[in-house]
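I have placed the structure first, in the form of structure tokens, so that the comments after it can refer back to it.
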Amino acid sequence: MSDSPTSSPPAPSADSAPPPDTSSDGSAAPPPTDSAPPPSPPADSSPPPALPSLPPAVFSPPPTVSSPPPPPLDSSPPPPPDLTPPPSSPPPPDAPPPIPIVFPPPIDSPPPESTNSPPPPEVFEPPPPPADEDESPPAPPPPEQLPPPASSPQGGPKKPKKHHPGPATSPPAPSAPATSPPAPPNAPPRNSSHALPPKSTAAGGPLTSPSRGVPSSGNSVPPPANSGGGYQGKTMAGFAIAGFAVIALMAVVFLVRRKKKRNIDAYSDSQYLPPSNFSIKSDGFLYGQNPTKGYSGPGGYNSQQQSNSGNSFGSQRGGGGYTRSGSAPDSAVMGSGQTHFTYEELTDITEGFSKHNILGEGGFGCVYKGKLNDGKLVAVKQLKVGSGQGDREFKAEVEIISRVHHRHLVSLVGYCIADSERLLIYEYVPNQTLEHHLHGKGRPVLEWARRVRIAIGSAKGLAYLHEDCHPKIIHRDIKSANILLDDEFEAQVADFGLAKLNDSTQTHVSTRVMGTFGYLAPEYAQSGKLTDRSDVFSFGVVLLELITGRKPVDQYQPLGEESLVEWARPLLHKAIETGDFSELVDRRLEKHYVENEVFRMIETAAACVRHSGPKRPRMVQVVRALDSEGDMGDISNGNKVGQSSAYDSGQYNNDTMKFRKMAFGFDDSSDSGMYSGDYSVQDSRKGSNGASSEFTRNETENRNFNNRRY
């Protein structure tokens, strides 16, 4: 053995030495390698002879990584064959114990051939010997590590035993040069551990890891742990990928179902969708919002004093067929729940459209009372086939009302399209209409406090349509018959079948007359030009009804007093100038009213019924005037009483007749309005008792009115 070391020094010059040496030892390597002192190394070297070619290539980088120890690197590879290169390398640090140290290096030599991880430790061990000399005491632990490696390789216990007799001096060696012993202890575990990992072929990995942390012998232990954890890591990665795939599949299924559900709930026909330029601004009177917030429209009003009229208009009540949930959408398509009904469903809801369920009848058709499966009461409006209102008004209601949600506007629940049938389903308002309570036969006198509340509520609903909807919505048929009341006499403006979207780029909308005579603004009767100020005029007529208790047109009044506006105009001027309104106020009230409120309503009505449209106030100003306790603001728009152009009743009548012919092509008018409760066309035709009679056809009133004027 000593001769082989002497001949080995020349070998370090080139890495070619290992192959020849392995060939020389090949006689003992296949089986006899166990007899040689470094039996375990040859055993390890025999399997990887094909690998040495790769390790050198991979092994070359480490030298570059650690420039100081490259020479030892070259010396370390040759040792595997002859075991002598180590003796030459250890002498520099410690000359006396070179021979005993020779045997430990052989143990280090096999690792480089198997996985090339041990060579780095040897490379870095030469530099630390001085520091390691002080660490001579810790030498004993290495021997303790030797038994575990022997136990770790199941087939290698015999090899260590044969190896120990040869290098019997190895125990003393660790005591003297601490540098060499640490390497041998590290090497055996590597040999034992590398016997398993070679299958994983992690040659590149161990090389880099020991090169970075070679000084500590503990670095050799992690590689085996990593080799064992590699399988676990792959298993965990597989589970993670599978779990991710399952979650992704579930998400796709959920999205597909959600999309299908949306498609089912969507409108079946795009023509019923609101225009793209239609938007709604929320205000303090919407569902679930704070009623004390100021009005959000231009020239907004403050509603903090709503309670002065006897009730808070910001309160939310859910009785009487109303759904005022705080979660109701601000500008959603008919809120939540079912929106599309089949004709069969509506037939069941209305009990086959039974006559005893009829709430009223107008020019468009009948209104039936119905009950949904959840017990909610609804009003089903059925359009007459071929009626003048027809599909245009139906589409308008579906497009507009479905987007409008305000506590003073009747909400649309759903709709039905079946062949030629067109039906709308509204929330049911149980307490009839303002017309019913003001002019109904045998009805008790409507209290003044309730009249004020109704005026303010309906004004807020109209102001919302004019100010907070863009483009603004013009009702076009404001009248007492279209103001519904709930059990607490909260006003709900209804009948949007006549509403039109008024584009902000247009100053008016020309269309056929559908409003009720007596509420028509002068400019509307003259030319058919429609603006939001036309609604203001009609609302002024409603205020006059509340003040006086009279109908807008009453053929049983004395000659020249049939028209409410014509009769009230001089009295309004007198009341504003003198403060005496005794001739205007409904005598049935018997002076049970608040004078300030009466005077404020008179001023507001006078401003609303001005002959000149531009000189009328906006609805937002009307609300502020009616709902203010002190200063009512400039409701006059800078105009004093009498400054507006004079109201010519004769010209108004001529304009009305002319426009009626232009709109309908004949001197007749159709039924108008939505009626409920005790009122029907048959009852109205009986009307012969002045204020106690109910009129629903304006044809008779206007024909008689015009005949008496001319």
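Here the Cβ of each residue, glycine as well, is placed from N, Cα and C on the backbone.
From a predicted model like this one, the values you see are computed outputs, not experimental measurements.
Annotated topological domain 'Extracellular' per Swiss-Prot: 1-235, in sequence order, evidence recorded as sequence analysis.
For 7-21 (among others), the entry in Swiss-Prot reads compositional bias 'Pro residues'.
According to Swiss-Prot, the feature compositional bias 'Pro residues' maps to 29-130 (among others).
Annotated compositional bias 'Pro residues' per Swiss-Prot: 137-151 (among others), in sequence order.
Positions annotated as compositional bias 'Pro residues' by Swiss-Prot: 168-188 (among others).
Here Swiss-Prot flags 257-710 as topological domain 'Cytoplasmic', drawing on sequence analysis.
Taken from Swiss-Prot, the feature domain 'Protein kinase' covers 353-619.
Annotated phosphotyrosine per Swiss-Prot: Y426 (among others), in sequence order, evidence recorded as similarity to another entry. In sequence order, V378, A379, V380, K381, V410, S411, L412, V413, A494 constitute the residues six or more apart from Y426 (phosphotyrosine) in its chain with CB-CB distances below 8 Å.
In the three-state DSSP classification, Y524 (phosphotyrosine) falls within a helix. Sequence annotations record features per position, and here Swiss-Prot assigns phosphotyrosine to Y524 (among others) based on similarity to another entry.
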Give the number of CB atoms, excluding that of Y524 (phosphotyrosine) itself, located within 10 Å of its CB.
26
